[in-house]
Amino acid sequence: MNEEQKSLLLSSSSHFLPPQGVRLSYGTAGFRADASLLSSTVYRVGILAALRSLKTQAVIGLMITASHNKISDNGVKIADPNGGMLSQHWEPFADALANAPSPQDLVQLINDFVKEGIPFNGVRPAEVILGRDTRPSGDALLTAAKEGIASIVGAIATDVGILTTPQLHWMVRARNMGMKASEEDYFEQLSSSFRCLMDLIPSEKSNRSVPNDKLVVDGANGVGGGKLEVLLKQLNGLSIEIRNYGEDGGVLNEGVGADFVQKEKVVPNGFGSKDVGIRCASLDGDADRLVYFSVTAESNSKIELVDGDKILSLFALFIREQLIILSEEEDAKNSRHAHLGVVQTAYANGASTNYLKQLGLEVNFTPIGVKYLHEKAAEFDIGIYFEANGHGTILFSEDFSGWLVAKTKELSSKSKGSEVEKAALRLLAVNKLINQAVGDALSGLLLVEVILQHMGWSIHRWNELYHDLPSRQLKVKVADRTAVVTANAETVVVSPPGLQGAINAETAKHSQGRCFVRPSGTEDVVRVYADASTQEAADSLANSVAKLVDQFLGCSS
Ligand SMILES: CC(=O)N[C@H]1[C@@H](OP(=O)(O)O)O[C@H](CO)[C@@H](O)[C@@H]1O
Ligand SMILES: [Mg+2]
């Protein structure tokens, strides 16, 4: 690193001193904290993004969002060249950068790091694409990110404005693949592949009208509602009403959104008795999560939740159906057995795992956080992953995508209009529609809608695929959540000593009980999850274990 670069870093970093007494860590989804604490962190992630771009000689994304967190929080995360999350190898460097106490320490750290092979004088300058969600703090943090990028000589920052998180990841991936990568291109790809899937609905089904065919979407008062509206203008055949846009006085994620609906299992604001029986969906604040629900007749606030596990099951059924058609009608010589795998976490409802296994699918488990699920899903020809909270997607391997393209070409000359050609075309359209970079509520929603039409199913029929085991999630505020250390994909507490033993004893008192606790990577809480044979038992188990957490870790003041 030359002197010009060092002094540029020294002078610009002196405007962004880190907050005292706060230690930040690149958690399940980047850095998150109260927005007032974040300008130095975002500035430093700007530097990190530029260095990552130099290292990979590719375009990197930087997204300013705190997703489902309360409106006063914000956060920042990196999209790697393939559109996925930042390589886990770089997370320790990200932590060290964010916590370097002084400009001198920061420059020293960067100097040591770049010696290990960052091509400072490479052929290609660093380039970072910047996106942000609708949070009011986003603007100022964007300036900090730009300053960070500008402190690496020659680096280019491209501000793409307010976007959903998956749009930003999609753009990064598209740019690095040399494809069209604007927001219009994103909408065009989603709408054209959706139309293609609609056209491939078997005719006996497309004439059948699905009961309650209107969909009502809760936009979490975030970025997703407005984007969905733009997308809908390019589509026919969908009747969608959007509520909680964020422009009608509602507060981001407050009593609304996918995280609220999935965890509390009650209707979001703006929904009630008028919606009984109607198909409803909820996005989270940055539109990378999607859950469905319907308002029950017994009580206006109660819902039947159709969560990420059930979206996964619907997708798996559909993909499996197409693969079966392909393999049955194919002559044995040219056939290719596609390896289909699904990936879940410990938050998956046990009933969903049983259902998927009964379908004959290979079910894999990873620790919490999409970076782990995504990595695992990428090992299959087609890998489907979902967190119960509604974040997930379907990944197609490069090899299988290439085979599919060749296959559809071959079939279009050999057996045009056949069932096998249609199945291949459907898979190809799913590959285009569903975001290959990260879970994406908008593309997920379009895929759910077209599959329901394809099956001729109402939300109730879909919900009947299997019955969820009753579960309960709670958050416990403690003095220091990092005091909870876990193992076994975050399902067993190893510290503080004695806590796991107490949880086990409590769990054993409840029929079919299962319970685990872990520190959240996105909020300042410890999460408690319990499931059991009845709702009362799940509630009682979760409540008792929340008390244990409180006893072992002490309440924060
Ligand atoms: C119980 C739960 O929903 N946890 C979520 C939540 O992480 P926590 O580390 O639990 O706060 O946000 C992550 C990012 O969206 C997501 O990957 C994860 O599954
Ligand atoms: Mg989100």
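The backbone N, Cα and C atoms fix where each Cβ goes, glycine too.
Those TrEMBL annotations? Automatic predictions, nothing curated.
In the three-state DSSP classification, S67 (active site, phosphoserine intermediate) falls within coil. Under the heading active site, phosphoserine intermediate, TrEMBL lists S67.
In this view, D288 (Mg(2+) binding site) is surrounded by 32 other Cβ atoms within 10 Å of its Cβ, with every protein chain counted. The Mg(2+) binding site annotation in TrEMBL covers S67, D284, D286, D288.
As annotated by TrEMBL, substrate binding site applies to E387, A388, N389, R518, P519, S520, G521, T522, R527. Same-chain residues at least 6 positions away in sequence with a Cβ under 8 Å from that of R527 (substrate binding site) are, in sequence order, Q473, L474, K475, V476, V517, R518, P519, S520. According to DSSP, R527 (substrate binding site) is assigned to a strand segment.
Here the domain 'Alpha-D-phosphohexomutase alpha/beta/alpha' (55-89) has Cβ contacts under 8 Å with residues 26, 29-35, 38, 41-42, 45-46, 48-49, 117-119, 122-124, 126-133, 135-138, 141-142, 145, 149, 163, 165, 168-176, 220, 251-254, 257-260, 284-286, 288-289, 370-371, 374, 436-438, 522-523 of the same chain, all six or more residues outside its ends. Under the heading domain 'Alpha-D-phosphohexomutase alpha/beta/alpha', TrEMBL lists 55-89 (among others).
Marked as domain 'Alpha-D-phosphohexomutase alpha/beta/alpha' by TrEMBL: 126-177 (among others).
The domain 'Phosphoacetylglucosamine mutase AMG1' annotation in TrEMBL covers 181-291 (among others). For the domain 'Phosphoacetylglucosamine mutase AMG1' (181-291), DSSP puts the residue distribution at 40 helix, 17 strand, 54 coil.
TrEMBL lists 307-457 (among others) with the feature domain 'Phosphoacetylglucosamine mutase AMG1'.
The domain 'Alpha-D-phosphohexomutase C-terminal' annotation in TrEMBL covers 475-547.
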Lowest local Cβ density (other Cβ within 10 Å) among recorded positions: S67, N389: N389
Coarse DSSP state, helix versus strand versus coil, of P519 (substrate binding site): strand
From recorded positions S67, D284, D286, D288, the one whose Cα lies nearest E387 (substrate binding site): D288
Least Cβ-crowded entry, counting other Cβ within 10 Å, from the binding-site residues listed as D284, D286, E387: E387
Integer Å distance between the CA atoms belonging to S67 (active site, phosphoserine intermediate) and D286 (Mg(2+) binding site): 5
Residue with minimal Cβ packing [other Cβ atoms within 10 Å] among the binding-site residues P519, G521: G521
